[in-house]
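Notes follow the structure.
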Amino acid sequence: MISILSSTPVSPVSPITNVLPLSMVLFVSLVKEAWEDWKRFQNDKTINNTSVDVLQDQKWETVSWKNLQVGDIVKVKQDGFFPADLLFLASTNADGVCYVETANLDGETNLKIRKALEKTWDYLTPEKAFEFKGEVQCEQPNNSLYTFTGNLIIEKQTLPLSPNQLLLRGCSLRNTEYIIGAVVFTGHETKVMMNSMNVPSKRSTLERKLDRLILTLFVVLFCMCLIGAIGSGVFLDRKYFFLGLRGPALSADMNPSNRFVVALLNMFTLITLYSPIIPISLYVSVEMIKFIQSTQYINNDLHMYHVETNTPALARTSNLNEELGQVEYIFSDKTGTLTRNLMEFFKCSIGGELYGTGVTEIEMGEAQRNGIKVDEVHKSSNTVREKGFNFDDARLMRGAWRNEPNPDMCKEFFRCLAICHTVLPEGEETPEKIRYQAASPDEAALVAAAKNFGFFFYRRTPTLIYVRESHVEKMGKVQDVPYEILNVLEFNSTRKRQSVVCRYPDGRLVLYCKGADTVIYERLAEGNNDLKKTSREHLEQYGAAGLRTLCLAYRDLCSDTYENWNEKFIQAKSSLRDREKKLDEVAELIEKDLVLIGCTAIEDKLQEGVPTCIETLARAGIKIWVLTGDKMETAINIAYACKLINNDMKQFIISSETDDIREVESRGDQVEIARYMRDAVKNQLKKCHDDAQNYLRSLSPPKLALVIDGKCLMYALDPSLRVMLLNLSLNCTSVVCCRVSPLQKAQVTSLVKKGARKITLSIGDGANDVSMIQAAHVGVGISGLEGMQAVMASDFAIAQFRFLTDLLLVHGRWSYLRICKVVTYFFYKNLTFTLTQFWYTFQTGFSGQRFYDDWFQSLYNVIFTALPVIMVGLFDKDVSASLSKKYPELYKEGIRNTFFKWRVVATLAFFALYQSLIVYNFVIASSTNSVDSSGKMFGLWDVSTMAFNCIVVTVNLRLLMMCDTITRWHHISVGGSILAWFMFILVYSGVYTPRGIYSVFYVLISTVYFYTTLLVVPIVALFGDFLFQGVQRWFFPYDYQIVQEMHRHEPDSSSAGLLEIGNQLTPDEARSFAVAQLPREKSKHTGFAFDSPGYESFFASQAGVLAPQKPWDVARRASMRSRAKTPRKN
Amino acid sequence: MSPGGAEGGSETSSAATKKHSKKPKYSRFTQQELPACKPILTPGWVITAFIFIGVIFIPIGLASLFASRNVVEIADRYDEDCVPSIYASDTLAYIRSSQTNKSCTKTLNVPKKMKNPIYVYYQLDNFYQNHRRYVKSRSDKQLRSKANEYKTKDCSPEATVLVSNKEMPIVPCGLIAWSMFNDTYGFSLNDKAIQVNKKGIAWKSDGEYKFGSDVYPKNFQSGVIGGAKLNENIPLSQQEDLIVWMRTAALPNFRKLYGKIEVDLEVNEKITVVIQNNYNTYSFGGKKTLVLSTTSWIGGKNDFLGVAYLTVGGLCLFMAISFIFLYVVRPRPLGDPSYLSWNRNPDGLFFN
């Protein structure tokens, strides 16, 4: 707009000088956009050129994805991705089924079955498929992943189609050699693409605040113009004959007869004159800085490069760098983000004896905090590591348990592990090749543990379990023992235990039971209190170490008792009403008088460095919320493991798993349930809220933690309760939301984002985290694994949760600091410059005469002051990276937005005012008389050039004053900018132009005045800043300044830390006996290992309704043996 | 990466060395480890800087103040005195009339010995030579070269004049030239005229490059007369009065060099000045002052710089002393962790 104005006759400056900087700015941003587009284009190209087999003339032709058309018949091989939404026709599997993995869509890792219509099963070979003629009638493309309706018309028959026949793009084929499908939707019409909404363009909070600052500047500009305009209207008078205000051709802006028009037109003149107050180049500079920050720094940071997955960090947008420095709330997914979704048998306690030497992440962190050095002992047995088994204690391995104090107990322990489970073995029946299929990875880990102890479960029939037992009778002897499984008492979330009644080949009848410590201890036989006590202690130790524990127990049954009970059991099993309930009741009858064997500890393996990272982030003032689809127990356990919750915290648990709620639910009236739930949630919430207030009012308020489940959350998010929920949760240091649907994750995120106006960050790895990632201010995806959905939706992608420390505390903080400095500096320099111009206006009869030459004005922002500030944006750092991480508290300055408060801006504005007054008045006052011994006087342009001179020097020196580090680039750019000005003016005033400026500079430098003024003005102008900074640092130091002082003699130590990166030790390697033998903390909380990470269907949790726990149908699972692979960790 | 690759098990260190490793290359730039100095504005630095500035500035200040004080300057405002008392109530009528006698004699006393060269200035107040309309009302092209005679675009209303029904350009065109100052001064000492040298009063570059030697005044002051007339036989490059006038002043109060007196003036000598009071500043209440001044190495009489240097230097020394004082009274150990906000007592004081 100013450019347009400047081309009108009211302008005091020539249009070119205004248009040029603007077009430069536009050009730079265009180049940047083009580059990003080009990258996107490259990306698209690789995807588009992925090839797929398409049927052409009875042959399979390889065609790239982009050439795929609706109606094509395609063949997708195992592990391949579907290139489009396909109508499933035929598969190599019998029954026309195929298995698909939908991890890309919903984050679920279990395979799903798709079944083709019987009519189309035969179209498997190209010859046959070529004959396929059919017509598909179906719905319009839509974004619903779980619905599909349509008809297939072949041979004049109309067959209904369901989602079962649809293979969605983005899924991949598993356990099936290949399938044949017909393309239904392609490209943007596929359901995935319809789902991928336009990524909401995110702008950082700082930038939004910057907009407000710019707006303020506009207001200031307007005020300045208004003052000038009024002045001009008043001033203009015919008495100033020398202005020649006469004649008919007098233009309106100089016609004293109509002062209003004069003022109005002058307003526009002044707008163009003062336009440099608006830093046009600011946005482009900031973008440039951020772009380099993200592409060069974040993407290339070796600290954030993950060797195992070969994944560097990736900043997918450069808009949000400084937002990373202000994050106050982190919303984290659990599985795959905090944990590896990998259960490992870790420790056990048998008959009161502790086994297992491993050290968990948490203990390591604890030990490091206590200053104990963790020796990095490399285990020799590292080579035989197996998935699910991370146990090392020679006392139990290879039959050594026979020499332990309780060999019989050990035997029972191992048998219990080998028999009491619902695992299916798969593959070859050798210990090396066998694979266990289990409902939860916990179970698989336990069975694998038994295998490693020499009790190898290798075959299951509906009635028998075969175990290959070693060293039982004597060392080295191996025998296959079939155990008859008489009854399986299922696990469910109320029982929290699982039992198996089995008959030994010798006729012994035993009930093996494993379950949560609380339920097992209730059912133990009297006596043997020592064992119970020591086991209890062990359980507590395990709990403190963040392990998931299970108690193992058995009971010898005599056949009479059993037969009696079995009758009841069969009755209950065959009952039609309330079968579940009755089964539970019957189970109670036999699960008593148990004998405790011991307990197991399974590590829900956290991602590397998670507890330390979380602790660091907590110290940085960041609050971490865990939002997970898992069950409450798992979630709480992980929260303990991650040090999010500890025993000192006051916990509030809002759960829908209470008896009365269950009772209401069992009645099944939806309206009633909803009403009851709402009330229950409201009451619980209110109670927690009041309690929280009470606690906070107490003298030393404890830390609070809130645990809430998805169903309650659904009601708590209701507008009427939302405020209370928000208040409560903001008072809590950690919040765990379990059983939440993806949508709820997003809702919780926006609750904090919008309700509390805090800056939020979401981190997740799966498709179910996408909504949350998009809802938060900053979305971070975990990259390096298969699922790319989260990464595609994210703003930043990192390979490990722990890299958040670097991303936030180092990159985020620096970026925030830098951008703040850049923005405030831009503000300052433009204000200073424009104000001198403003002061001059008063001396020119408010005519809008420019003080500076056009070119000075336009090149001021583009050349004379542009580069140094970019250097600050790139290189400035207050403290080194390692110190940033050592003192995470420094991050709080960002959360509080210390460096871009209005107060900071006001201080700068004040100094801009001061400096402009100094520069203007000093230059003017010192030039009122002749300035050298020749007695000649200066003209307008001499004075203005001098003033500009002083401004350029002052402003550039001011930049150096606000740098915390000065690299040679600073020197080069600051020196270069000042030099550039002198070079420019030497040339500009040296070459003749029909302007006042010609030869001015040569006149200037021939006078003493030039030197004396140039020396005094910048020093006086910066005097105030210098004084302010000195006093501020001395009396009101910022934290970072103290840290700088504390480490002022240390060289930058971050390069030393780099050496560690090359051979970063995995935690397994870093374990040591030393730490294992440390006196342990005890935790009242004992994690409980049977609740499998929720594999409930996506729909169910989304609707806020639990899917009923399916009875463990061994037979059904046995029929699915063809599954070649275990579910992959996500 | 192939989906199965991550779990391949055997690839640990080999992955990093693979050809497809995405491991970023190390460079000091990307790792943000460029060598840098980290200046910390410690009290020591603050005090040193203040003392340093103080020590440098005070001598400079003293020197320039001394030089400025050595300059002898006589300023005499004559716009009021030079109007005959009968016209006192209607100065405009006096100045506009071509009939009135514009001569006016004033006597100036030399307060101190003035060594030649003595510069003669006229000073105008409230004359907005820096008004936007005024500043742009000139044609540098026309002034420079005869060929550009017609380039009078910005000169309105003094751009062209009708000469026998033809639009002819005014040379030099524009309001600046048109309103040129036309008071003249004649000096005499003890009835002996003092020559005023009018050569070399303009900046050399102006005369050489900005004003052409082939450009002669034309049609100048042929309409409404604004100020001085120019001799049409002398090229612009030699009309130094015009050149001085055309270098527009930055402020509405300005001095311009009139000429040089190249004789010494002794103390208490009386100089008689005969002023031709032609120029109209009466309409807008402007003042006219005649100034005689010697110069020193810093130029004319201007205490400002000297005072500024002295003040700043003194202030710096004062600041240094008060900082030292504060440092003694309320020391803050450098890098004391107890000053970190999270170590500080939440409601504790900053200083203790």
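Even glycines carry a Cβ here, placed using N, Cα and C.
TrEMBL entries are annotated by machine, without manual review.
Residues annotated as active site, 4-aspartylphosphate intermediate in TrEMBL: A:ASP333. The feature Mg(2+) binding site is assigned by TrEMBL to A:ASP333, A:THR335, A:ASP765, A:ASP769. The ATP binding site feature in TrEMBL is assigned to A:ASP333, A:LYS334, A:THR335, A:GLU443, A:PHE491, A:LYS514, A:ARG548, A:THR628, A:GLY629, A:ASP630, A:ARG739, A:LYS745, A:ASN768, A:ASP769. Under the heading domain 'P-type ATPase A', TrEMBL lists A:49-110. The domain 'P-type ATPase C-terminal' annotation in TrEMBL covers A:791-1037. Residues or ranges marked as transmembrane segment by TrEMBL: A:12-31, A:213-236, A:260-284, A:822-840, A:860-879, A:900-923, A:943-960, A:972-991, A:997-1023.
Structure coloured by features recorded in TrEMBL.
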residue  : record                                        : DSSP class
A:ASP333 : active site, 4-aspartylphosphate intermediate : coil
A:PHE491 : ATP binding site                              : coil
A:ARG548 : ATP binding site                              : strand
A:GLY629 : ATP binding site                              : coil
A:ARG739 : ATP binding site                              : coil
A:ASP765 : Mg(2+) binding site                           : coil
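You'll find the Cα of A:ARG739 (ATP binding site) roughly 17 Å from the Cα of A:ASP765 (Mg(2+) binding site). In terms of DSSP secondary structure, the domain 'P-type ATPase A' (A:49-110) contains 10 helix, 30 strand, 22 coil. When the recorded positions A:ASP333, A:ASP765 are compared by the number of other C-beta atoms lying within 10 angstroms of their own C-beta, A:ASP333 comes out lowest. Using Cα positions, the member of the recorded positions A:ASP333, A:PHE491, A:ARG548, A:GLY629 nearest to A:ASP765 (Mg(2+) binding site) is identified as A:ASP333. Only residues 6 or more beyond the boundaries of the transmembrane segment (A:213-236), in the same chain, are considered here, and those with a CB under 8 A from a CB of the stretch are 243, 245, 254, 256, 259-260, 262-264, 266-267, 270-271, 274-275, 277-279, 823, 827, 831, 834, 838, 841-842, 845-848, 905. Comparing the Cα of A:THR335 (Mg(2+) binding site) with the Cα of every entry in A:PHE491, A:ARG548, A:GLY629, A:ASN768, these being the binding-site residues, the smallest distance points to A:GLY629. Nonlocal intrachain contacts for the transmembrane segment (A:260-284), taken as residues 6+ away from its ends with a CB within less than 8 angstroms of a stretch CB, comprise 2, 5-6, 8, 10-13, 18, 21-22, 24-25, 28-29, 210, 214, 217-218, 220-221, 224-226, 228-230, 232-233, 236, 252-254, 822-823, 826-827, 830-831, 833-834, 837-838, 841, 846-848, 850, 857, 860-862, 866. Using a 10 Å Cα-Cα cut-off from A:ASP333 (active site, 4-aspartylphosphate intermediate), the binding-site residues that qualify among A:PHE491, A:ARG548, A:ASN768 are A:ASN768.
Around the Cβ of A:ARG548 (ATP binding site), a 10 Å sphere holds 27 further Cβ atoms from the protein chains shown. By the criterion of other Cβ atoms within 10 Å of the residue's own Cβ, the least surrounded of the binding-site residues A:THR335, A:ASN768 is A:THR335. For the binding-site residues given as A:PHE491, A:GLY629, A:ARG739, A:ASP769, the lowest number of other CB atoms within 10 Å of the residue's CB is seen at A:PHE491.
A:ASP769 (Mg(2+) binding site) and A:GLY629 (ATP binding site) have their C-alpha atoms 10 Å apart, to the nearest angstrom.
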